[in-house]
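Database features (Swiss-Prot):
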- Glu205: active site, nucleophile (ACT_SITE)
- Arg251, Gly268, Trp396, Asp462: substrate binding site (BINDING)
- Asp344: active site, proton donor (ACT_SITE)
Amino acid sequence: MNTSASPVPGLFTLVLHTHLPWLAHHGRWPVGEEWLYQSWAAAYLPLLQVLAALADENRHRLITLGMTPVVNAQLDDPYCLNGVHHWLANWQLRAEEAASVRYARQSKSADYPSCTPEALRAFGIRECADAARALDNFATRWRHGGSPLLRGLIDAGTVELLGGPLAHPFQPLLAPRLREFALREGLADAQLRLAHRPKGIWAPECAYAPGMEVDYATAGVSHFMVDGPSLHGDTALGRPVGKTDVVAFGRDLQVSYRVWSPKSGYPGHAAYRDFHTYDHLTGLKPARVTGRNVPSEQKAPYDPERADRAVDVHVADFVDVVRNRLLSESERIGRPAHVIAAFDTELFGHWWYEGPTWLQRVLRALPAAGVRVGTLSDAIADGFVGDPVELPPSSWGSGKDWQVWSGAKVADLVQLNSEVVDTALTTIDKALAQTASLDGPLPRDHVADQILRETLLTVSSDWPFMVSKDSAADYARYRAHLHAHATREIAGALAAGRRDTARRLAEGWNRADGLFGALDARRLPK
């Protein structure tokens, strides 16, 4: 690492995007609530602990943190809070089992070097300590949900909050009325939970269609994230889009890919904990990566001291990468440049066990090495904005276009979404019109509200992504069709004049899909 504290020109911003689909009440393992609880325990708990520690050091404007409304809903949901508490306790039990192994047991992993009795005992002792700390952290800080913790970090100026639309839809393919509603209500949801209405958003999948900047301006959004290629790779400054003042910021792929890319990055280092190798009796992950082409049955036991040394190496490397990039980009454009590294939050801890430790150290090391760290709002306030630009239709998916969400592999889901949205909007319009014809103020319609909830869950961008990537594709199709069925079932009863049946159906579906309690169909744009 360049140990010189001489300042370099420009500004560095770290952006994290926190998102999972609505998983509560929809399966447990291997995809479902287990996915939520693993991410919560491995990423969300340590991330907020890291940020709180840095805030206690009087460090400000450290990261720009995107929190989707659907994740916030789960982090505050009593059912989910109870579920993750049980998950953490079960983790501790599994760690205690590993710590007490005395002889080789019959399992698929029994002959792995990382799963010998000696290796498991040593690993289990450390894992017990980790689980105990996580349980204590949860019990003392999280029992009232994630929002109080997030609000404290926002109030302290440690993070800038990015919001987004309800349920994470792929906005370019969404009917304009529902797109406007989802964004406006998503920003309002953040205001209700966190007492902050975000000025910036992480657009789901960094997806953009020409003209969306006008919608953003109308909703009070001042800036949003796109992927680097959307700006033709020139991400050194934010760019106002079209004829608006809404600024698009692009991810610097050269810097971001240093940490994580489809084929390389720090988490694949031989010393780090291997994500894919399990002890098949306890479900714990006791191996290190060892080598990129080393099979699980040959991976060495995890060595935390070796991993810790690798973290320091990668902190130093990243600091040098950021310094050099700021210097070269500032020289190229003839003024101080802005460099943005952006990642999914779940990378840090869930996919990369050592990620939170790396994050804490790098956020201390960058300022010490003369790098100014700030948020996207800081970039706008301090003039890191260039000339207006016209953006192409784009995303951060494969090909940097829309194919992951609109290609032949998911054509049936695109058609399903279109039909369900049409059904929902038509049904809600008729229901509200009938109620409006009565005397007095328009009452809230909980049946129409639930139709909107199920519709928004149907059009979540996660389902076509999972199908296109063949990642739990059957589960993704099941979820899309389940919520489509719920929408059609309630709407069908309502359209047939069976109001009591529609109400019972809506109440039933709400027991599983009761997120966004403030959602109100009366606010749907005309």
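Cβ coordinates come from backbone N, Cα and C, glycine included.
Positions of Swiss-Prot features highlighted on the structure.
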| residue | record | Cβ within 10 Å |
| --- | --- | --- |
| Glu205 | active site, nucleophile | 25 |
| Arg251 | substrate binding site | 24 |
| Gly268 | substrate binding site | 16 |
| Asp344 | active site, proton donor | 17 |
| Trp396 | substrate binding site | 21 |
| Asp462 | substrate binding site | 25 |
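The binding residues for substrate are recorded as Arg251, Gly268, Trp396, Asp462; their greatest pairwise CA distance is 25 Å. In the three-state DSSP classification, the residue listed as 'active site, nucleophile' falls within a helix. Among the binding-site residues listed here, namely Arg251, Gly268, Trp396, Asp462, Trp396 has its C-alpha nearest to that of Glu205 (active site, nucleophile). When the alpha carbons of the residue listed as 'active site, proton donor' and Trp396 (substrate binding site) are compared, the span between them is 12 angstrom. DSSP gives Asp344 (active site, proton donor) a strand state.
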